[in-house]
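Undergrad: Structure incoming, see below.
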Amino acid sequence: METSLELGNMTRVQEFVLLGLSTRLGIRDALFVIFLSLYLLTLLENTLIIYLICSHSELHKPMYFFLGNLSCLEMCYVSVTMPTLLVGLWTGPCHVPFTGCMTQLFFFISLICTECTLLASMAYDRYVAICRPLHYPLLMRPQVCLGLALSSWLGGLLVSVIKTACIASLSYCGPNVLNHFFCDVSPLLNLSCTHVALTELVDFISAIVILWGSLLVAMASYVAIGRTVLGMPSAAARHKAFSTCVSHLVVVGIFYSATIFIYARPSRIEAMDLNKVLSVIYTVVTPMCNPIIYCLRNREVQSAFRRTMHWS
């Protein structure tokens, strides 16, 4: 009797139920239309950026190489989380198999870590372009750019393998309801029925290394850029440099603020409604805004777009 009871208590959860953004039917219908439109717009924007960069030789520069990588990442990133969000809004709570949930978690962690390091690489690229322009062809030669991009993608995969393996190895005995719209770290840790101290430590250390490490690189780059720009004798040159960097800083600030608040904490998060709102910011809003801020306001990209559309 005791043996069967112990086996029953250790039965693993076979699926998770995602409650989604809202359980109110009237709100769900409106949110479905809004988020589906945002999803399609994000895919269109980033596909356009990749096409323009690949098809116009004047955009074959380090900055646009990183922007092309970022656009590719954003399309993958939003496609990992958006399907379960849309299904939850269309049908109600979304049932996801255990393996499907862990697969979604794996790709999500990999892509968010890759984005952190890519943003840091882009900040470094701007630092070299503005602060060390004479050395730019050497410091940002194709081999260096390719190395930075590959290390970003492979580093994200490595971190994700470790974190996902730790979370998947935990026991989930029930309940199986996640108050979220995708399989995220904190909601899963909240459902575990085993000790999660080691997993939380791994999560915290990886957040320190990836999030804080890449943020420090980005901050150091922009501080150096600011000092250089302030020393420029030409007001026009200062305005041009600042207009570029301020827009980049807005994206970096929003993305890192939301992710650090959620992931750079060594304990499980209980305020799941706030967690969902912040998750929408960096899984939906930033992938949609990044192409506009980084590329579509750029004169070279605008010129390439006009030529593609035969407007000039």
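Keep in mind that glycine also has a Cβ here, set from the backbone N, Cα and C atoms.
The domain 'G-protein coupled receptors family 1 profile' annotation in TrEMBL covers 45-294. What TrEMBL lists as transmembrane segment is 30-54, 66-90, 102-124, 145-172, 204-225, 246-265, 277-296.
Can you tell me where each of these features sits in the structure?
TA: Same-chain neighbours of the transmembrane segment (66-90): 18-22, 28-29, 31-32, 35-36, 39, 42-43, 45-47, 49-50, 53-54, 96, 104, 107-108, 111-112, 114-115, 118-119, 121-122, 125, 145, 148-149, 152-153, 181-183, 279, 283-284, 286-288, 290-291, 294-295, counting only residues six or more beyond its ends whose CB sits under 8 Å from a CB of the stretch.
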Undergrad: Which residues, given as numbers and ranges, are at least 6 beyond the ends of the transmembrane segment (102-124) yet have a Cβ under 8 Å from it?
TA: 63, 66-67, 69-70, 73-74, 76-77, 80-81, 84, 96, 148-149, 151-153, 155-157, 159-161, 163-164, 167-168, 182-185, 188, 206, 210-211, 213-215, 217-218, 221-222, 248, 251-252, 255-256, 259, 282
Undergrad: With Cβ distances under 8 Å as the criterion, find the stretch in 145-172, 204-225, 246-265, 277-296 that has the most pairs with the transmembrane segment (30-54).
TA: 277-296
